[in-house]
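See structure below.
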Amino acid sequence: MQSVSQVVKTSLPNYLSSLPVPDTFGGWFKLSFKDWLALIPPTAVVVGIGYVTYRAFYPKAHRTCKSGSGLCNENVRKHEAKVVDMIDIENIADKAAFCRCWKTKNWPYCDGSHAAHNKDTGDNVGPIVIKKK
């Protein structure tokens, strides 16, 4: 414990006070190459702590697919500006499941592709099921 106390009370303050931090903004332009090299280690430590903190508190809701594109629709009718399907309810036999994850190969009907999508992204999307009464 004494070694930790020595580092915190003596070594670290001595190291920080010996760093060539200028008093004015213009002083940054007068630093030599050796002074800039001396500032790299503490800057790297501060950046590393900032990055680790950012990753620790980064919301899990912002995860994207393995492809990393962030798009919902990656392959269904990309030549159209907006994908819209009109389905007459009278044409549905008993019930129909419609895709909401855009991963199906049988568009607009669900083929269960959302299971892999949910596993990859942590999402919980499922189909829209329409039944006849």
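Every residue, even glycine, has its Cβ placed from backbone N, Cα and C.
Swiss-Prot annotations:
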- 1-35: topological domain 'Lumenal' (TOPO_DOM)
- 36-58: transmembrane segment (TRANSMEM)
- 59-133: topological domain 'Cytoplasmic' (TOPO_DOM)
- C99, C101, C110, H114: [2Fe-2S] cluster binding site (BINDING)
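Annotated features, which come from Swiss-Prot, shown on the structure.
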| residue | record | Cβ neighbours (10 Å) |
| --- | --- | --- |
| C99 | [2Fe-2S] cluster binding site | 23 |
| C101 | [2Fe-2S] cluster binding site | 20 |
| C110 | [2Fe-2S] cluster binding site | 20 |
| H114 | [2Fe-2S] cluster binding site | 20 |
Outside the transmembrane segment (36-58), at least 6 residues beyond either end, the same-chain residues with a Cβ under 8 Å of its Cβ set are 16, 19-21
Beyond a gap of at least 6 residues from its ends, the CB atoms lying under 8 Å from the topological domain 'Lumenal' (1-35) belong to 42
DSSP, reduced to three states, assigns H114 ([2Fe-2S] cluster binding site) to helix
Taking the centre of the Cβ atoms of C99, C101, C110, H114 as the [2Fe-2S] cluster site, the remaining residues of that chain with Cβ inside 8 Å are A97, F98, R100, W102, K103, T104, D111, G112, S113, H117, V125, G126, P127
Taking every residue in the topological domain 'Lumenal' (1-35), the average pLDDT works out to 88
Using DSSP three-state counts, the residues of the topological domain 'Lumenal' (1-35) come to 24 helix, 0 strand, 11 coil
DSSP, reduced to three states, assigns C101 ([2Fe-2S] cluster binding site) to coil
